[in-house]
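As written in TrEMBL, here are the features:
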type     : residues     : note
ACT_SITE : 80           : active site, proton donor
BINDING  : 81, 183, 213 : Zn(2+) 1 binding site
BINDING  : 102, 134     : Zn(2+) 2 binding site
């Protein structure tokens, strides 16, 4: 089976993107994989630090391996937004295929130093491990629905010349810029800086995958254009959480006497699967 780097390169060449979806339990994973199976789509499964602490890194690894064996799909496990070298190392040692070391809120030099350190450690363990770095400031932290609106200042966006320097000096495989995106779903509609996306893709090495974080809530037309312009990896979390919790609440309200977990979670798996299928369609012909 090809490694993640090769799938991302293929997606970039096709003008499409590989989806990255977060989980904290098997129900979410089952819904995601069922959607990908229908289109034979490669997929990245992410666990944030909180999700990894809840689920367990080794448990996440075993669950993903079981689904890979059962389906034959290329499924890659990513440590999503890990905020210390120690946690990133723990994920690498647990067998994760990929890690995002996120020091984007730290001073540039500290971000550079720690990201490079993670790259060096990951490659010393297994050269196939993919490492992602992030540069630029996203105004929100959590994958949730916000009641307030957010204004994104131009100063918080990633500068192309800094992006190139960062990628060159750290050796990351994947690069996550700030281009008007944010984590979660805000009350106001996000507006991606499409010209900046073009400039970033033009200056970065072809083999460096560009990653769009905060994919939830981005309008379909902007998402399609962002993928077309160079994002070959897109992260979705909040919309899946909403689909999951809405379906669960609806099921419990409709059948308050039901106590059989697989009957309760059946509609939840389907709701997650439907949402993932919608996103895969947006991400292009690779899927």
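From the backbone N, Cα and C atoms, a Cβ is placed for every residue, glycine too.
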Alpha-carbon distance [the residue listed as 'active site, proton donor'; residue 213 (Zn(2+) 1 binding site)] in Å: 10
Residue 134 (Zn(2+) 2 binding site) and the residue listed as 'active site, proton donor', Cα-Cα, nearest whole angstrom: 11
Residue 102 (Zn(2+) 2 binding site) and residue 81 (Zn(2+) 1 binding site), distance between Cα atoms, whole Å: 5
Neighbour tally for residue 134 (Zn(2+) 2 binding site), based on other Cβ positions within 10 Å of its Cβ: 25
Cβ neighbours of residue 81 (Zn(2+) 1 binding site) where a neighbour is any other Cβ within 10 Å: 27
